[in-house]
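All remarks here apply to the structure that follows.
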Amino acid sequence: MTAAMSAHDRATETGGVTEGRAPSPAGRLMGTIQRHPLLLLAAMIAVLPAVIANDYYIDVASLALTFMVLGTAFNLLYGYVGMLSFAQVAFVGIGGYTSSWLVSHTGVWQPFAFLSAGVVAAAVAAVIGVVTVRLSQEAFAIITLSFSLLCALVAAEWTGVTGGRQGIFGLPAPELSLGSVHLVAETPRHYYVLLAGFTVCALWVMLRLVRSSAGTVMIAIRDNEPLTKAQGYATNTYKLAVFTLCAFVTGLTGALHVFRLTAIDPSIFDFYLMQVMLIIVILGGAGTFWPVVYSAVVFSALPEFLRMADEARLVIYGVILVAGLLFAPQGAGGLLRTRAVNRRLRAMRVEGHR
């Protein structure tokens with residue numbers, strides 16, 4: 001295969017230039033982007049407030065960042081491990097209610113409240129996961145769905161803690177203090193800066209996971225769990241760890257999300273959030289990282305532009321999802337991967353005929 005590698009492939013591996021030539025500045029830049037795509041995303045996120053003057057679109061961008069993290073966390077479970085968890089929406093609500101209650105009832109330091117949101121969500125996931133990760137995929141999906149419905153019921157009825165159907169409102173603007181830097185996210189732009197930092201950090205952690213040896217085991221579990229277990233891997237431990245990690249990240253995201261809204265009520269458990277996560281992952285390409293990340297931008301901003309047709313929104317989403325499953329069952333990421341493989345095979349055949 002090495003001998004048959006095309007000139008195009010060699011150029012790609014050397015940062016966009018052929019062997020024997022010094023890489024140009026553009027070639028070095030493209031090589032860096034190819035090796036570190038998170039840097040490109042971070043740069044795009046950083047410059048966005050400078051090119052968008054309207055705070056409404058900054059708010060939409062903040063929503064896109066929120067779904068980037070939620071969609072990627074769900075992709076770790078469903079796309080990389082094969083666990084269809086409907087509990088993600090429950091962890092959003094648990095994180096939101098935990099941080100809201102701590103801030104509104106105890107007045108604790110906000111960063112502590114946000115961290116507690118992730119810890120509580122992860123602890124709940126660990127308790128549920130100890131039992132459910134051992135079950136079949138169908139049973140796991142049904143139990144996590146039932147858990148989300150139960151959380152919505154508890155939030156509506158547990159008036160003393162959750163505020164009942166009225167919820168908890170009047171939440172203060174998120175604050176962050178790092179040494180001499182003190183940021184109060186009182187405007188959409190300030191909130192965007194806070195969320196952007198969290199998004200880049202969360203994506204970095206999840207990207208490192210999927211690129212590690214643990215990520216390889218996760219994919220093996222998805223493709224053939226009995227064989228992976230037979231090779232000596234504790235598959236249930238891996239599944240529980242990923243389930244807990246994703247709950248932690250989702251709980252943190254939920255906490256930041258409700259402080260953007262300045263209020264929380266039982267509607268946070270609406271299945272609409274889960275529907276958006278499903279669409280982001282399935283149409284982005286389950287088991288692919290960057291296509292799902294950028295899919296989140298499209299399918300989180302879309303409902304904002306469909307607000308004039310709110311009653312038809314679910315129908316439109318349904319049509320998009322069915323069309324995607326019919327014409328691109330592997331999602332955008334699967335299509336890109338197939339095209340890349342086909343190009344490589346054609347290049348190898350051309351090189352072999354020379």
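Cβ coordinates are placed from backbone N, Cα and C, and glycine is handled just like the others.
Unlike curated entries, TrEMBL annotations are predicted automatically.
Feature annotation from TrEMBL assigns region 'Disordered' to 1-25. Among the features that TrEMBL reports, transmembrane segment is placed at 38-57, 77-100, 112-133, 139-156, 191-210, 240-259, 271-294, 314-336.
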If you count every Cβ pair below 8 Å, which range out of 77-100, 139-156, 191-210, 271-294 shares the most with the transmembrane segment (38-57)? 191-210
Before we move on, state whether the transmembrane segment (271-294) and the transmembrane segment (77-100) share at least 3 Cβ pairs under 8 Å, counting only pairs 6 or more apart in sequence. yes
Take the transmembrane segment (191-210) and find every residue of the same chain, 6 or more past its ends, with a Cβ under 8 Å from one of its Cβ atoms. 38, 41-42, 45-46, 48-49, 58-59, 61-62, 65-66, 68-69, 72-73, 76, 80, 173-174, 176, 183, 185, 218, 245, 249, 252-253, 256, 260, 289, 293
